[in-house]
Amino acid sequence: MNKNITSIRGMNDCFTPDIKFWQKIENKCKQILTNYGFSEIRTPIIEQTSLFSRAIGKVTDVVKKEMYTFNDRSGNSLTLRPENTTGCVRSGIEHGFLYKKRQQRLWYLGPMFRYDRPQKGRYRQFYQLGAEVFGFIGPDIDAELINITARLFRELGIIKYISLEINSIGSLSSREKYCRVLMDFLHQYENELDQDSLHQLLANPLRILDTKNPKIQEILIDAPLLADYIDSESKYHFINLCKLLDATNIKYRINHRLVRGLDYYNRTVFEWITDILGAQNTVCAGGRYDNLVEQLGGKATPAIGFAIGIDRMVLLIKQINPYFIDEYNIVDVYLITSGKVSRQSMLVLAEIIRDHLPYFTIITHYGGGNLKKQLSHADKYQAKIVLILGENEYKSGEITIKDLRTGKQEKITQQNIIVRLNELLC
Ligand code: ATP
Ligand code: MG
């Protein structure tokens, strides 16, 4: 039997009308980031596997279970990027741009790949809009990044439906100290831990704080607090960040259990969460990673970034406001012919109109059919205006204009067409 070829599980096609949600969100993100002085960076979607294992941490879920890794024809191990902070750092070190200008503000947008369990809001190819800044020790830049995300969510009309959680996970060394204390504490409960947590206990104990398992959450109530172990500089950094957020009227909740899934973070971490999307409740996550540039072979450079999950943003906005996109009247002018008028004359006319009215959407009818059929196509497109070039009009240098919004029809000379369309459409 001839079985149709389908897309890969967890990887989606996106087309109209959904694509309009994507475009509007992406355009808003780009506009705001540009206004804050950020510039775009595009890096390849495939990198050497060692880049991710070195940066993200060999024992993290992402590197252990979620990467799309394969050998190319020369036997090099390559990986489809599971995130793009690492790619930006690799590029910055390779081209030296992290150091040429002492400070950099960058953004990127593109697909990421993780062999996750596909479900609503969790896919194997998903999209992140990210920002990364280098060379600032903060906490002013931390506050600016959070303000950018807040501004974006305000302008997209979703700020009421999401909330900000922040935490400091301290320096790497203070975190290691805390992990030992946490491990000692959790060892008492070894019998009560699930498989995942037992595994994490050995590999990456901090991640247990993030558990969704209610039984373990209960055990954690009495666990030592990370906040009591973090170094004084990180504490001071965090207190000042809170002051800056207060001064800019950003509402937040300090969540002492908030950690990040990747190893390279330190000090500030933050997440925007929602209770509308079920288990996939984080729409944006970020944090500081002051050691990553050096860890990947560059000169020590402080850094912080965030990534917004665009797929989840689209789901959220569609649920909150289905009228977010204006589906109607996207076609301004629909051109049709009747009688024996040649396709060529209509094409020529359409191009002349486009020369003069470049901001209007103009569609030309192809495929023939009688006037009624062509008009019904114009209706389907919800065109505002139909231009009819009939045999008589063609001979006399005229054209018929029908305004589908009012039903009014008029005949004018072709020379006046630009002026008249402008009057009708502006
Ligand atoms: P989660 O705990 O949901 O798996 P994560 O900690 O793995 O998230 P990050 O690496 O911090 O996620 O990625 C930043 C954002 O990218 C997430 O907050 C989410 O919005 C989005 N994201 C991550 N993984 C996926 C996925 N598989 N499908 C869709 N969006 C995703
Ligand atoms: Mg994940």
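Backbone N, Cα and C define each Cβ position, glycine as well.
Per TrEMBL, domain 'Aminoacyl-transfer RNA synthetases class-II family profile' is recorded for 1-317.
DSSP assigns Y265 (L-histidine binding site) to coil in the three-state reduction, outside any helix or strand. Sequence-distant neighbours of Y265 (L-histidine binding site) (same chain, six or more apart, CB under 8 Å from its CB) are I169, V259, G287, R288, Y289, listed in sequence order. Taken from TrEMBL, the feature L-histidine binding site covers E83, N84, T85, R114, Q128, E132, R260, Y264, Y265.
Here the domain 'Aminoacyl-transfer RNA synthetases class-II family profile' (1-317) has a mean pLDDT of 92 out of 100. Most other Cβ atoms within 10 A: among the binding-site residues T85, Q128, that distinction falls to T85.
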